[in-house]
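Reviewing the structure listed below.
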Amino acid sequence: MDAMTEKTTHADTVEFYGARVNSRLLLGTAQYPSPAILAEAIRASGTEIVTVSLRRESGVAKSGQSFWQIIRDLGVKVLPNTAGCKTVKEAITTAEMARELFGTPWVKLEVIGEDDTLQPDVFGLVEAARTLVRDGFQVFPYTTEDLVVAEKLISAGCEVLMPWGAPIGSGRGLNNPYGLRSMRAHFPGIPLVVDAGVGVPSHAAAAMEMGYDAVLLNTAVAKAGDPVRMARAFARAIEAGREALIADPMEVRDMAAPSTPVMGRAVLGQ
Amino acid sequence: MKIIVNGEAADTRAGTLAALLAELGLGDAIVATAVNGAMVRAVKREATPIADGDRVEILAPMQGG
(Lines of atoms letter the chains of each structure in order from A and count residues from 1; the text may use other names and numbers.)
(Lines give C-alpha, C1' and ligand atoms only; values in the text may rest on other atoms or scores of the structure.)
Protein backbone atom coordinates (compact mmCIF):
# COMPACT_ATOMS: atom_id res chain seq x y z
CA MET A 1 0.00 0.00 0.00
CA ASP A 2 1.54 3.36 -0.95
CA ALA A 3 1.45 6.35 1.36
CA MET A 4 -1.38 8.04 -0.55
CA THR A 5 -3.71 5.01 -0.44
CA GLU A 6 -2.94 4.45 3.20
CA LYS A 7 -3.83 8.03 4.01
CA THR A 8 -7.11 7.77 2.13
CA THR A 9 -8.01 4.53 3.90
CA HIS A 10 -7.33 5.95 7.32
CA ALA A 11 -9.39 9.06 6.64
CA ASP A 12 -12.36 6.89 5.63
CA THR A 13 -14.19 6.88 8.93
CA VAL A 14 -17.87 6.45 9.73
CA GLU A 15 -19.91 8.48 12.17
CA PHE A 16 -22.78 7.36 14.42
CA TYR A 17 -24.48 10.17 16.31
CA GLY A 18 -21.33 12.26 16.19
CA ALA A 19 -19.01 9.45 17.28
CA ARG A 20 -16.39 8.82 14.64
CA VAL A 21 -14.96 5.31 14.30
CA ASN A 22 -12.46 3.75 11.93
CA SER A 23 -13.76 0.19 11.96
CA ARG A 24 -16.92 -0.55 10.02
CA LEU A 25 -17.44 -3.80 11.86
CA LEU A 26 -19.75 -3.84 14.87
CA LEU A 27 -19.41 -7.06 16.81
CA GLY A 28 -21.75 -8.91 19.13
CA THR A 29 -20.38 -10.41 22.34
CA ALA A 30 -22.64 -13.46 22.80
CA GLN A 31 -22.07 -17.20 22.32
CA TYR A 32 -18.26 -17.28 22.33
CA PRO A 33 -16.59 -20.46 23.62
CA SER A 34 -14.93 -18.54 26.47
CA PRO A 35 -14.43 -15.01 27.79
CA ALA A 36 -10.78 -15.19 26.69
CA ILE A 37 -11.76 -16.05 23.11
CA LEU A 38 -14.35 -13.26 23.16
CA ALA A 39 -11.69 -10.74 24.17
CA GLU A 40 -9.22 -12.06 21.59
CA ALA A 41 -11.87 -11.99 18.83
CA ILE A 42 -12.78 -8.39 19.66
CA ARG A 43 -9.12 -7.42 19.45
CA ALA A 44 -8.59 -9.34 16.20
CA SER A 45 -11.67 -7.75 14.61
CA GLY A 46 -10.41 -4.22 15.21
CA THR A 47 -13.97 -3.26 16.13
CA GLU A 48 -14.57 -0.13 18.16
CA ILE A 49 -18.23 -0.87 18.97
CA VAL A 50 -19.59 -4.03 20.58
CA THR A 51 -23.17 -4.92 21.39
CA VAL A 52 -24.12 -5.96 24.90
CA SER A 53 -27.33 -6.80 26.72
CA LEU A 54 -28.92 -6.88 30.16
CA ARG A 55 -29.78 -10.10 31.89
CA ARG A 56 -30.72 -11.25 35.36
CA GLU A 57 -27.79 -11.24 37.76
CA SER A 58 -27.42 -13.84 40.46
CA GLY A 59 -25.78 -12.89 43.73
CA VAL A 60 -23.83 -16.15 43.65
CA ALA A 61 -22.42 -16.30 40.13
CA LYS A 62 -22.16 -12.56 39.46
CA SER A 63 -21.30 -13.45 35.86
CA GLY A 64 -22.34 -10.02 34.62
CA GLN A 65 -19.71 -8.29 36.72
CA SER A 66 -16.80 -10.25 35.24
CA PHE A 67 -18.15 -9.85 31.70
CA TRP A 68 -18.40 -6.10 32.16
CA GLN A 69 -14.81 -5.96 33.42
CA ILE A 70 -13.60 -7.67 30.23
CA ILE A 71 -15.45 -5.20 28.02
CA ARG A 72 -14.21 -2.19 29.97
CA ASP A 73 -10.63 -3.42 29.79
CA LEU A 74 -10.90 -3.61 25.99
CA GLY A 75 -11.75 0.08 25.79
CA VAL A 76 -14.46 -0.32 23.13
CA LYS A 77 -17.73 1.59 22.90
CA VAL A 78 -20.81 -0.38 23.89
CA LEU A 79 -24.13 -0.50 22.10
CA PRO A 80 -26.68 -2.04 24.50
CA ASN A 81 -29.52 -3.94 22.88
CA THR A 82 -33.11 -4.63 23.84
CA ALA A 83 -32.90 -8.21 22.53
CA GLY A 84 -35.85 -10.41 23.29
CA CYS A 85 -38.25 -7.53 23.98
CA LYS A 86 -41.62 -8.09 22.37
CA THR A 87 -43.53 -5.05 23.52
CA VAL A 88 -42.90 -1.33 23.32
CA LYS A 89 -43.06 -1.04 27.10
CA GLU A 90 -40.53 -3.82 27.67
CA ALA A 91 -38.15 -2.32 25.11
CA ILE A 92 -38.40 1.16 26.61
CA THR A 93 -37.85 -0.04 30.19
CA THR A 94 -34.91 -2.19 29.07
CA ALA A 95 -33.40 0.79 27.22
CA GLU A 96 -33.76 2.96 30.31
CA MET A 97 -32.09 0.34 32.48
CA ALA A 98 -29.32 -0.09 29.91
CA ARG A 99 -28.69 3.66 29.81
CA GLU A 100 -28.13 3.74 33.55
CA LEU A 101 -26.06 0.57 33.61
CA PHE A 102 -23.78 1.31 30.67
CA GLY A 103 -23.76 5.08 30.88
CA THR A 104 -24.55 5.60 27.20
CA PRO A 105 -27.52 7.10 25.35
CA TRP A 106 -26.96 4.57 22.54
CA VAL A 107 -29.44 1.73 22.21
CA LYS A 108 -29.81 -0.98 19.60
CA LEU A 109 -33.58 -1.06 19.58
CA GLU A 110 -35.12 -4.46 18.96
CA VAL A 111 -38.83 -5.08 19.23
CA ILE A 112 -39.31 -8.65 18.13
CA GLY A 113 -42.55 -9.54 16.39
CA GLU A 114 -42.22 -13.19 15.49
CA ASP A 115 -40.41 -16.11 17.12
CA ASP A 116 -39.34 -18.17 14.12
CA THR A 117 -37.75 -15.35 12.18
CA LEU A 118 -37.09 -12.92 15.06
CA GLN A 119 -38.46 -10.40 12.60
CA PRO A 120 -38.77 -6.86 13.95
CA ASP A 121 -42.26 -5.70 14.89
CA VAL A 122 -41.86 -2.54 12.86
CA PHE A 123 -45.00 -0.90 14.29
CA GLY A 124 -43.74 -1.32 17.84
CA LEU A 125 -40.26 -0.33 16.70
CA VAL A 126 -41.37 3.03 15.34
CA GLU A 127 -43.45 3.73 18.45
CA ALA A 128 -40.62 2.81 20.83
CA ALA A 129 -38.09 4.79 18.77
CA ARG A 130 -40.27 7.90 18.96
CA THR A 131 -40.53 7.68 22.75
CA LEU A 132 -36.85 6.91 23.26
CA VAL A 133 -35.62 9.73 21.01
CA ARG A 134 -37.86 12.15 22.92
CA ASP A 135 -36.27 10.84 26.09
CA GLY A 136 -32.76 11.64 24.84
CA PHE A 137 -31.73 8.26 23.48
CA GLN A 138 -29.67 7.80 20.32
CA VAL A 139 -31.48 4.93 18.70
CA PHE A 140 -29.99 2.30 16.36
CA PRO A 141 -33.18 0.55 15.20
CA TYR A 142 -32.99 -3.08 14.10
CA THR A 143 -35.42 -2.95 11.21
CA THR A 144 -36.30 -4.49 7.85
CA GLU A 145 -35.45 -3.05 4.44
CA ASP A 146 -38.97 -1.55 4.19
CA LEU A 147 -38.58 2.01 2.93
CA VAL A 148 -41.76 3.36 4.50
CA VAL A 149 -40.78 2.04 7.91
CA ALA A 150 -37.33 3.55 7.37
CA GLU A 151 -38.90 6.95 6.62
CA LYS A 152 -40.96 6.73 9.80
CA LEU A 153 -37.91 5.81 11.87
CA ILE A 154 -36.06 8.82 10.49
CA SER A 155 -39.08 11.04 11.23
CA ALA A 156 -39.02 9.63 14.76
CA GLY A 157 -35.47 10.96 15.09
CA CYS A 158 -33.30 7.94 14.27
CA GLU A 159 -30.03 9.00 12.67
CA VAL A 160 -28.87 5.47 11.91
CA LEU A 161 -30.82 2.56 10.40
CA MET A 162 -29.95 -1.11 10.75
CA PRO A 163 -31.82 -3.30 8.28
CA TRP A 164 -31.50 -7.06 8.58
CA GLY A 165 -29.59 -9.08 6.01
CA ALA A 166 -31.47 -12.24 7.02
CA PRO A 167 -33.05 -13.56 10.23
CA ILE A 168 -30.83 -13.27 13.32
CA GLY A 169 -28.42 -16.17 13.65
CA SER A 170 -29.41 -17.72 10.30
CA GLY A 171 -26.16 -17.03 8.45
CA ARG A 172 -28.05 -16.71 5.18
CA GLY A 173 -26.43 -13.47 4.11
CA LEU A 174 -28.25 -10.76 2.21
CA ASN A 175 -31.70 -12.22 1.55
CA ASN A 176 -33.01 -9.25 -0.38
CA PRO A 177 -30.18 -7.52 -2.23
CA TYR A 178 -32.64 -5.49 -4.29
CA GLY A 179 -34.37 -4.18 -1.16
CA LEU A 180 -31.07 -3.33 0.50
CA ARG A 181 -29.82 -1.55 -2.63
CA SER A 182 -33.06 0.46 -2.79
CA MET A 183 -32.65 1.44 0.81
CA ARG A 184 -29.10 2.62 0.22
CA ALA A 185 -30.26 4.65 -2.78
CA HIS A 186 -33.18 6.22 -0.87
CA PHE A 187 -31.18 7.31 2.15
CA PRO A 188 -27.80 8.42 0.86
CA GLY A 189 -27.06 10.60 3.87
CA ILE A 190 -28.07 8.20 6.67
CA PRO A 191 -25.53 5.77 8.11
CA LEU A 192 -26.85 2.30 7.24
CA VAL A 193 -25.68 -0.86 8.95
CA VAL A 194 -26.56 -4.37 7.82
CA ASP A 195 -27.44 -6.08 11.07
CA ALA A 196 -28.13 -9.80 11.42
CA GLY A 197 -28.09 -12.81 9.16
CA VAL A 198 -24.52 -12.44 7.95
CA GLY A 199 -22.81 -15.84 7.79
CA VAL A 200 -19.48 -15.52 6.02
CA PRO A 201 -17.12 -12.66 5.16
CA SER A 202 -18.26 -12.52 1.52
CA HIS A 203 -21.75 -11.52 2.75
CA ALA A 204 -20.23 -8.63 4.66
CA ALA A 205 -18.08 -7.62 1.69
CA ALA A 206 -21.20 -7.62 -0.51
CA ALA A 207 -22.98 -5.28 1.91
CA MET A 208 -20.03 -2.91 1.85
CA GLU A 209 -19.80 -3.02 -1.96
CA MET A 210 -23.48 -2.01 -2.01
CA GLY A 211 -22.54 1.10 -0.12
CA TYR A 212 -23.57 0.13 3.40
CA ASP A 213 -21.63 2.03 6.01
CA ALA A 214 -21.00 -0.88 8.35
CA VAL A 215 -21.96 -4.44 9.26
CA LEU A 216 -23.08 -5.74 12.64
CA LEU A 217 -22.64 -9.44 13.28
CA ASN A 218 -22.21 -11.87 16.11
CA THR A 219 -23.00 -15.55 15.50
CA ALA A 220 -20.85 -15.77 12.35
CA VAL A 221 -17.78 -15.04 14.46
CA ALA A 222 -18.79 -16.56 17.79
CA LYS A 223 -19.90 -19.88 16.32
CA ALA A 224 -17.01 -20.28 13.87
CA GLY A 225 -14.57 -23.11 14.61
CA ASP A 226 -11.93 -20.45 15.20
CA PRO A 227 -13.67 -17.23 16.22
CA VAL A 228 -10.48 -15.18 16.40
CA ARG A 229 -9.47 -16.07 12.87
CA MET A 230 -13.01 -15.47 11.64
CA ALA A 231 -13.08 -12.06 13.32
CA ARG A 232 -9.94 -11.17 11.39
CA ALA A 233 -11.45 -12.52 8.16
CA PHE A 234 -14.54 -10.33 8.60
CA ALA A 235 -12.41 -7.27 9.30
CA ARG A 236 -10.52 -7.83 6.06
CA ALA A 237 -13.66 -8.53 4.02
CA ILE A 238 -15.32 -5.37 5.29
CA GLU A 239 -12.24 -3.32 4.46
CA ALA A 240 -12.04 -4.97 1.03
CA GLY A 241 -15.70 -4.29 0.29
CA ARG A 242 -15.39 -0.68 1.36
CA GLU A 243 -12.23 -0.18 -0.72
CA ALA A 244 -13.95 -1.74 -3.71
CA LEU A 245 -16.90 0.64 -3.39
CA ILE A 246 -14.60 3.66 -3.28
CA ALA A 247 -12.60 2.26 -6.19
CA ASP A 248 -15.79 2.31 -8.33
CA PRO A 249 -16.30 -1.20 -9.77
CA MET A 250 -16.57 -1.88 -13.52
CA GLU A 251 -19.92 -2.23 -15.24
CA VAL A 252 -21.36 -5.72 -15.55
CA ARG A 253 -22.07 -6.78 -19.14
CA ASP A 254 -23.84 -9.73 -20.69
CA MET A 255 -21.27 -10.72 -23.30
CA ALA A 256 -17.57 -11.35 -23.12
CA ALA A 257 -15.14 -8.53 -23.87
CA PRO A 258 -11.50 -9.50 -24.39
CA SER A 259 -9.19 -8.13 -21.76
CA THR A 260 -6.05 -8.79 -23.78
CA PRO A 261 -5.57 -6.32 -26.66
CA VAL A 262 -6.87 -7.64 -30.00
CA MET A 263 -4.76 -5.24 -32.05
CA GLY A 264 -1.35 -6.63 -32.96
CA ARG A 265 -2.32 -10.24 -32.51
CA ALA A 266 -0.19 -12.56 -34.65
CA VAL A 267 -1.84 -14.66 -37.32
CA LEU A 268 -0.54 -18.12 -36.63
CA GLY A 269 -3.25 -20.36 -38.10
CA GLN A 270 -3.27 -21.35 -41.83
CA MET B 1 -41.80 -11.33 53.54
CA LYS B 2 -42.24 -13.24 50.31
CA ILE B 3 -41.22 -11.56 47.07
CA ILE B 4 -40.14 -12.60 43.58
CA VAL B 5 -36.53 -11.84 42.62
CA ASN B 6 -35.57 -12.39 39.00
CA GLY B 7 -38.53 -14.69 38.52
CA GLU B 8 -37.88 -16.85 41.59
CA ALA B 9 -39.61 -16.88 44.96
CA ALA B 10 -37.51 -15.36 47.71
CA ASP B 11 -37.87 -14.64 51.41
CA THR B 12 -36.46 -11.36 52.60
CA ARG B 13 -36.31 -9.11 55.64
CA ALA B 14 -35.06 -6.17 53.59
CA GLY B 15 -37.20 -3.09 53.93
CA THR B 16 -35.81 -1.29 50.91
CA LEU B 17 -34.47 -2.19 47.48
CA ALA B 18 -30.98 -1.12 48.58
CA ALA B 19 -31.18 -3.45 51.59
CA LEU B 20 -32.36 -6.29 49.37
CA LEU B 21 -29.37 -5.85 47.06
CA ALA B 22 -27.04 -5.90 50.06
CA GLU B 23 -28.77 -9.01 51.41
CA LEU B 24 -28.19 -10.75 48.04
CA GLY B 25 -24.50 -9.82 48.00
CA LEU B 26 -25.06 -7.32 45.20
CA GLY B 27 -24.59 -4.15 47.25
CA ASP B 28 -21.56 -3.03 45.25
CA ALA B 29 -22.46 -4.74 41.98
CA ILE B 30 -23.10 -2.89 38.75
CA VAL B 31 -26.78 -3.65 38.24
CA ALA B 32 -29.97 -1.97 37.08
CA THR B 33 -33.17 -2.56 38.98
CA ALA B 34 -36.91 -2.63 38.44
CA VAL B 35 -39.78 -3.20 40.85
CA ASN B 36 -43.10 -4.44 39.51
CA GLY B 37 -42.06 -3.70 35.95
CA ALA B 38 -40.90 -0.12 36.51
CA MET B 39 -37.26 0.89 36.56
CA VAL B 40 -35.85 2.12 39.86
CA ARG B 41 -32.73 4.27 39.44
CA ALA B 42 -29.70 3.54 41.60
CA VAL B 43 -30.12 6.82 43.50
CA LYS B 44 -33.71 5.87 44.41
CA ARG B 45 -32.97 2.41 45.83
CA GLU B 46 -32.55 3.58 49.44
CA ALA B 47 -35.93 5.25 49.30
CA THR B 48 -37.75 2.44 47.53
CA PRO B 49 -39.63 0.20 49.98
CA ILE B 50 -40.09 -3.50 49.29
CA ALA B 51 -43.52 -4.93 50.02
CA ASP B 52 -44.88 -8.46 50.22
CA GLY B 53 -45.48 -9.88 46.73
CA ASP B 54 -43.25 -7.39 44.92
CA ARG B 55 -41.57 -8.51 41.73
CA VAL B 56 -37.97 -7.34 41.64
CA GLU B 57 -35.68 -7.53 38.61
CA ILE B 58 -31.93 -7.17 39.06
CA LEU B 59 -30.11 -6.94 35.75
CA ALA B 60 -26.41 -6.84 34.95
CA PRO B 61 -24.30 -6.30 31.84
CA MET B 62 -24.39 -9.47 29.78
CA GLN B 63 -23.24 -10.79 26.42
CA GLY B 64 -25.46 -9.68 23.56
CA GLY B 65 -25.70 -9.50 19.78
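Note that Cβ sites are derived from N, Cα and C of the backbone, with glycine treated the same way.
Look at TrEMBL and you will find A:LYS108 tagged as active site, schiff-base intermediate with DXP. For A:LYS108 (active site, schiff-base intermediate with DXP), applying a Cβ distance below 8 Å and a minimum sequence separation of six or more within one chain yields A:THR51, A:LEU79, A:PRO80, A:ASN81, A:THR82, A:PHE140, A:TYR142, A:MET162, A:ASP195, A:LEU216.
Cβ environment of A:GLY169 (1-deoxy-D-xylulose 5-phosphate binding site): A:LEU118, A:ALA196, A:GLY197, A:ASN218, A:THR219 lie under 8 Å away, each six or more residues apart in the same chain. Sequence annotations record features per position, and here TrEMBL assigns 1-deoxy-D-xylulose 5-phosphate binding site to A:GLY169, A:ALA196, A:GLY197, A:ASN218, A:THR219.
As annotated by TrEMBL, domain 'Thiazole synthase ThiG' applies to A:16-261. Averaged over the domain 'Thiazole synthase ThiG' (A:16-261), the predicted model reaches a pLDDT of 96.
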Largest inter-residue Cα distance among A:GLY169, A:ALA196, A:GLY197, A:ASN218, A:THR219 [record-listed 1-deoxy-D-xylulose 5-phosphate binders, Å]: 9
Neighbour count (Cβ, 10 Å) for A:ASN218 (1-deoxy-D-xylulose 5-phosphate binding site): 24
Coarse DSSP state, helix versus strand versus coil, of A:THR219 (1-deoxy-D-xylulose 5-phosphate binding site): helix
